Amino acid sequence: MALCLLTFILVTFGLLSSFVSSFDPSPYQDFCIATSDSKAAVFVNGKFCKDPKLATADDFFLAGLNVSGNPLPGLGSFVKLADINSLPGLNTLGISLVRADFAPYGLIPPHTHPRGTEIIVVLEGTLYVGFLAPDTMNPFKTQSFTKILSKGDVFVFPQGLIHFQYNVGHTNATVLGALNSQNAGLIVVASELFGSNPPLLDDVLSKAFQLDKKMVKQLQGLFS
């Protein structure tokens, strides 16, 4: 079942690519293996490329997406990526995968991917997901697009928009996602604002969120 759903995701991205361009630069050759050895490399878009004559099947292979990834502390969720940093054969190809696992009531908090659209399919469980888009009539308001997803359901988060995933079920949940970028980037809204280094001025956060400065300090302490 999981293999069929993964195939569905990849086929969907293939169809989309015929109508829109990936945010990643187009590759200049059939493939470009990432390498940190600049002495035996040619630089193109993306990272340094391994000499194609030295490429092996392992450059295009990554094991381990059958198990959960690293925990997000205090949130009850676990994430594992298959991107340029873990799978060098993705360099310049404009696609990556992510697996997310959730304990009951686990959360992937509001965040954005500045360089990629994300599509997910639920493998197990029940999730409340959604994203926020600017209100075209009022730039200080947003419109929310949310949905309860069950096993087999698919949802898309447009590039750059704030989105989240929350397990509303009483059992564990698992999601498999694909992004149209080899390195889509990640901005977690709360930690970026309240956990920045050096910290933002109290006045900025206090006025932006209509909070007293004592609460701002507490939030900065929580996310620092």
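Cβ coordinates are placed from backbone N, Cα and C, and glycine is handled just like the others.
The structure displayed is predicted, hence computed values, not measured ones.
According to TrEMBL, the protein carries these features:
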type     : residues                       : note
BINDING  : His111, His113, Glu118, His163 : Mn(2+) binding site
BINDING  : His113, Glu118                 : oxalate binding site
DISULFID : Cys32-Cys49                    : disulfide bond
DOMAIN   : 63-217                         : domain 'Cupin type-1'
SIGNAL   : 1-22                           : signal peptide
Determine which residues of this chain, when His111, His113, Glu118, His163 are set aside, have a Cβ within 8 Å of the centroid of the Mn(2+) site's Cβ atoms, and list them as they appear in the sequence.
-> Thr112, Gly116, Phe131, Phe157, Leu161, Ile162, Ala184, Leu186
Model confidence over the domain 'Cupin type-1' (63-217) (mean pLDDT, whole number) = 95
Integer Å distance between the CA atoms belonging to Cys49 (disulfide bond) and His163 (Mn(2+) binding site) = 33
Do you know offhand how many angstrom separate Cys49 (disulfide bond) and His113 (Mn(2+) binding site) by C-alpha?
-> 25
So how many other Cβ atoms are close to His111 (Mn(2+) binding site), meaning within 10 Å of its Cβ?
-> 18
Across all the protein chains here, work out how many other Cβ atoms are within 10 Å of the Cβ of Glu118 (Mn(2+) binding site).
-> 22
